[in-house]
Every structure is written in structure tokens, then in C-alpha cells.
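Straight from TrEMBL, the features:
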ACT_SITE  107  active site, proton donor
BINDING   107, 108, 109, 110, 111, 148, 259, 310  AMP binding site
BINDING   111, 147, 148, 259  Zn(2+) 1 binding site
BINDING   148  Zn(2+) 2 binding site
DOMAIN    25-353  domain 'PDEase'
Ligand SMILES: [Zn+2]
């Protein structure tokens with residue numbers, strides 16, 4: 001068992017957290033004070049490049065700063081004013097959401113914040129503001145913050161295979177984890193002190209919950225793949241604001257893109273994130289081995305070749321998502337190109353490690369500057385060859 005294996009062994013054997021029994025006063029009064037006493041800072045006060053799609057949001061600090069920045073995003077998008085969101089309630093809500101995330105390598109609070117940051121950038125775009133109504137936009141931001149609450153660092157198939165308590169609750173409906181994330185969200189909102197939607201009419205409240213349910217369920221990649229042809233048809237037809245199906249499909253696409261937005265960051269960041277993702281996958285693989293099962297290649301630290309896996313994931317899921325998105329929102333072409341640059345580096349790294357027979361077990365080699373230099377050199381060579389052919 002290596003240094004990553006042991007810490008996550010009991011993750012899925014726990015019963016679901018029941019937030020209803022968690023009293024809100026477990027939130028430290030000084031945290032609420034910190035978030036309510038000052039004027040809400042502008043997003044760029046966290047970093048001058050905060051309002052850029054290329055920005056790596058995790059770089060602004062840790063969990064508490066992410067809560068402050070989330071507050072700032074609510075204000076910048078005008079939600080605090082439009083929906084008369086009470087500052088203390090919003091602060092308690094955000095702190096409860098933060099607490100709802102577990103300390104797993106990838107599906108943690110920093111992932112939720114990074115996803116919400118990308119969504120925030122999308123919601124600032126005039127084209128998105130025109131395409132969706134304000135309740136839909138509010139639902140998207142809140143859904144992003146909550147979409148992985150209480151994730152255990154294991155997949156839906158693991159829940160089913162191991163017959164976890166969550167699988168017993170939700171297996172008949174599919175998307176086991178996503179149903180749990182939504183249920184946890186509702187539990188937090190049902191605490192009076194955390195109900196940021198208290199000023200909404202009954203009808204608006206129901207609408208927001210319906211949207212959030214759909215959006216959070218859309219984060220199951222299996223669900224995305226089942227309806228990707230419908231999203232693609234919408235892109236071909238062109239977005240029609242009068243078409244309610246288009247509203248639903250567009251919200252799902254924005255959510256999926258935000259959830260996968262790490263793939264669009266420059267390679268040095270994408271590598272850091274890949275390491276976190278595979279630390280989580282390999283922990284699951286270790287657990288499966290201990291249970292006497294054989295993990296799939298992606299989860300097996302002895303078999304998985306990360307550059308190869310990343311390339312496959314990008315080609316089958318992420319690239320088509322951002323291709324469709326940038327056709328609907330042409331301002332995202334730059335983001336798409338950054339992603340394709342990152343893809344090129346994964347592809348080249350896969351070639352280099354395969355040709356040179358370099359060991360790809362574990363994750364250490366991803367940090368090798370020697371390997372990185374080789375990759376960059378290879379890309380340079382390929383570019384000059386292409387130039388010469390032209
Ligand atoms: Zn996620």
C-alpha cells in the first residue's frame with residue numbers, strides 16, 4: 001500500500017451524512033463575522049486575472065478564501081441585489097456547503113470552487129445572459145457550488161458494485177452520487193438559517209430547485225453522453241430562446257463544461273489536477289483490490305498510463321463539449337485552443353513514454369521536468385517539420 005492508498009479506505013462504507021442533524025451553529029461565529037463585517041470585495045481583488053477564462057482559480061489560496069470569493073461572485077452577478085439575498089444567510093450557506101465537502105484528493109471544495117469560477121465567467125457573458133433567464137443563471141451558480149457535496153472519492157459504479165448505503169438508496173434511479181449531492185443541497189437549504197432562497201416566491205423556489213436538480217444530475221458523465229446528440233442537434237439548429245428544451249440542454253452543457261473546465265487550463269495546471277484525479281482513482285482501485293475485485297485500467301495504479309487516459313477522456317468527452325460550447329459562444333474559441341494545446345502535450349507525453357519505454361506506474365513521473373522538456377522539444381520539432389512541409 002503506498003502513501004495514497006490507506007487514507008481513503010473507509011470512504012464508501014460510511015452511511016450518508018445527514019446534514020439535517022448538523023446544527024448551523026457549528027459554524028464558527030468568527031467565520032460569519034469575517035464574511036459579513038466588510039464590504040464584499042470585487043473579484044479582481046483576489047487576483048487581477050480573476051475574471052479571465054484562463055485563470056487558475058485554485059491559485060487564490062485555500063478553502064476560506066474560496067468562500068469569500070464565492071460571495072464576491074454572487075455580488076458581481078447581481079444576485080444579491082435582485083433576489084435580496086441576506087448576507088448572513090448567504091455566508092452561512094456557503095460555509096455549510098464548504099463543510100459538506102470531504103477531504104478527498106479531487107472531488108473536494110476546491111474543485112467545487114473552480115467549477116463555480118468557470119460558471120461565473122460564463123454567466124458574465126452577454127450571450128449567456130441573453131440566452132437564459134435570471135433564475136436559471138442563479139440556479140447554475142448555486143448548483144456548481146453544491147454539485148459534488150459529500151463526494152466520497154469513488155465512482156457510481158463503485159457504489160453499485162460495493163452495494164454502499166448510497167447505492168441502496170438510489171440505485172434504482174441511476175446517477176447514485178449525483179442524487180445524493182442534490183439531496184445534501186436540499187438539506188442545507190432546508191435549514192432556515194442557510195436558506196438563501198427565503199425571499200423567493202413559492203413558485204420561484206420550486207423552479208430553482210427543479211433547475212438545480214436537473215443541473216446536478218447532468219454532472220453524471222453517463223447522463224451527459226446519453227443526451228449529447230440532443231445538445232449537438234441544438235448547436236446545429238442554433239440556440240432558440242423560445243425553446244424550453246434548449247434552455248435545459250444549454251444549462252446542462254454549461255454545467256458540464258464548468259465541471260470539466262480543468263481540461264481547458266494550460267498544461268502546467270492541467271497536470272496538477274490530473275494528479276489529484278488519479279490519486280482519487282487509484283485509491284478506489286486499491287480498495288477494489290482489497291475487496292478481491294479487479295479495478296478497471298484507469299483506477300489501477302500499476303496499469304494506468306495517465307497521459308493515455310487523459311487523451312482518451314479528452315477525445316471522447318471534453319473536446320466535443322468545448323467544441324459545441326465554442327460554436328454557441330464564439331468568444332470561447334481561445335479557451336478551446338488552450339485546451340487543444342494541453343491535449344497536444346498529453347498526446348506527445350504518451351508517445352514519448354511509450355517509445356522510450358519509460359515507467360508510467362504511479363504519478364511521480366508527471367512532475368519530471370526532464371520529461372516535460374522532452375515533450376516541449378518534441379512539439380517544437382513537430383512544428384518545424386510541419387512548417388518545412390508547407
Ligand atoms: Zn464535479
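Think of each number as a place in line: the chain as shown, counted from 1.
Including glycine, each Cβ sits where the backbone N, Cα and C put it.
Values in this document were obtained by computation on a predicted structure and should not be read as measured data.
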Neighbourhood of ligand 1 - binding-site residues from 108, 109, 110, 310 with Cβ under 6 Å: none
Including all protein chains displayed, how many Cβ atoms other than that of the residue listed as 'active site, proton donor' lie within 10 Å of its Cβ? 23
For residue 259 (AMP binding site), nearby residues of its own chain (Cβ under 8 Å, 6 or more apart in sequence): 115, 144, 147, 219
On the domain 'PDEase' (25-353), the mean of the pLDDT values is 94
Minimal Cβ count within 10 Å, across the binding-site residues 108, 310, points to 108
Where's the emptiest Cβ shell within 10 Å among the binding-site residues 111, 147? 111
Name, in the order they occur in the sequence, the residues of the same chain whose CB lies under 8 A from the CB of residue 148 (AMP binding site) and which sit 6 or more residues away. 101, 107, 111, 112, 177, 181, 219
